[in-house]
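Note sheet for the following structure.
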Amino acid sequence: MTAKALEGIRVLDMTHVQSGPSATQLLAWLGADVVKLEAPHGDITRGQLRDLPDVDSLYFTMLNCNKRSITLNTKSERGKEILTELIRRSDVMVENFGPGAVDRMGFTWDRVKEINPRIVYASIKGFGEGPYTAFKAYEVVAQAMGGSMSTTGFEDGPPLATGAQIGDSGTGVHVVAGILAALYQREHTGRGQRVNVAMQHAVLNLCRVKLRDQQRLSHGPLAEYPNEDFGDEVPRSGNASGGGQPGWAVKCAPGGPNDYVYVIVQPVGWQPLSELIGRPELAEDPEWATPRARLPKLNKMFQLIEEWSSTLPKWEVLERLNAHNIPCGPILSTKEIIEDDSLVANEMVVTVPHPERGEFVTVGSPLKLSDSPVEVTSSPLLGEHNEEVYVGELGLGDEELRLLKSSGVI
């Protein structure tokens, strides 16, 4: 069997909820041995948003595949001793507790690197150093303070959260990049290092084009935005692409909530598009023929396209536009996505067996490595690997394991 990309890398996963588990799950998919350390009562998401009684929720199972689970009360003295040994044996340690929580356990960065000078210690917090450092953050808080919400929505409406989990899972991806870079640098230096990623910072990185436009505003209105008024900050612009090529979501038949196709109008696409919508004369009309001429009339342009698209189902609109190499995509509902044969074939929508809840559907790995294929396996039951890790790897005796359990240490 082919060795995995991160085979031999041991990850001590002290994360919970979403931002941290999304990162460590990616590491597990890449072949790392990820040991999820949970309090004896377990990660809170095991019981959150349950769809079935008395089993791990989808919230938990979909973020913790391919991991092992151990339980440990890190507030107890024996728990701290065991945690010390786990740190000593690990290549990577990841946590996303509230600010200062791990330090208060007695495991500051100075202490951690004293235990294991080669360890890469990654932390996720809401904010960087400064006035917000001690503040708690959740997904939408990070969106609010990272530039996403103020620029999402329509001009005359309130700021909106995006459905994409850019604050949590988006931060997780950034953490993985930092961990991999630190592991690579360790090959040259022989020592580990601290990796810190703030959720606000990760969201801002994903919103950088809006910071670009903030600076462009000083030179005049943003012509590619459909907005009528511009102040001194980047406005919400609905479904406008905000890029060099204008785009919009146009309605399709029969008019359901997701009967839309997003269309990008490139310069080369205007001539075939004008023919498709039954207005071939616009390809030569100087009022419409060039991107510069169309720019002040983007709303009218997409209105003309919608007059055509609204008479056809979105899949037919997709087919006709793609026949002319016009960039577009139908708005897919979550039901359509979970039933999409191509996503199943690409192992992006995968069915995973679970020992208690039966099969569940989850997202597969978007990272496709030719020499390190991913097989998504079930999330672990709470403490499922206690004996395997504590007895088989740390060398504790069976009797001590029983005492640890009866005394609430594990």
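Glycine is treated like the rest: Cβ placed from N, Cα and C.
Annotated features in Swiss-Prot:
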BINDING   Gln18, Ser19, Leu72, Asn73, Thr74, Lys75, Asn96, Phe97, Gly98, Arg104, Lys136, Ala137, Tyr138, Glu139  CoA binding site
ACT_SITE  Asp168  active site, nucleophile
REGION    221-245  region 'Disordered'
BINDING   Gly243, Gly244, Gln245  substrate binding site
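The record assigns Gln18, Ser19, Leu72, Asn73, Thr74, Lys75, Asn96, Phe97, Gly98, Arg104, Lys136, Ala137, Tyr138, Glu139 to the CoA binding site, and the maximum Cα to Cα distance across that set is 28 Å.
With a threshold of 8 Å between CB atoms, the same-chain residues lying at least 6 positions outside the region 'Disordered' (221-245) that come near it are 150-155, 157, 159-160, 209-210, 213-214, 262, 264-266, 295-296, 298-299, 327.
Between Gly98 (CoA binding site) and the residue listed as 'active site, nucleophile', the C-alpha separation comes to 14 Å. Long-range Cβ neighbours of Gly244 (substrate binding site) (same chain, at least 6 residues apart, Cβ-Cβ under 8 Å): Glu224.
Take the binding-site residues Gln18, Thr74, Asn96, Gln245: by the count of other Cβ atoms within 10 Å of each Cβ, the lowest one is Gln245. The distance from the Cα of Lys136 (CoA binding site) to the Cα of Gly243 (substrate binding site) comes to 33 Å.
Between the CA atoms of Gln245 (substrate binding site) and Asn96 (CoA binding site) there is a gap of 39 Å. With respect to their backbone Cα atoms, Gly243 (substrate binding site) and Tyr138 (CoA binding site) stand 29 Å from each other. In sequence order, Gly167, Asp168 make up the list of same-chain residues 6 or more apart from Tyr138 (CoA binding site) whose Cβ falls under 8 Å from its Cβ.
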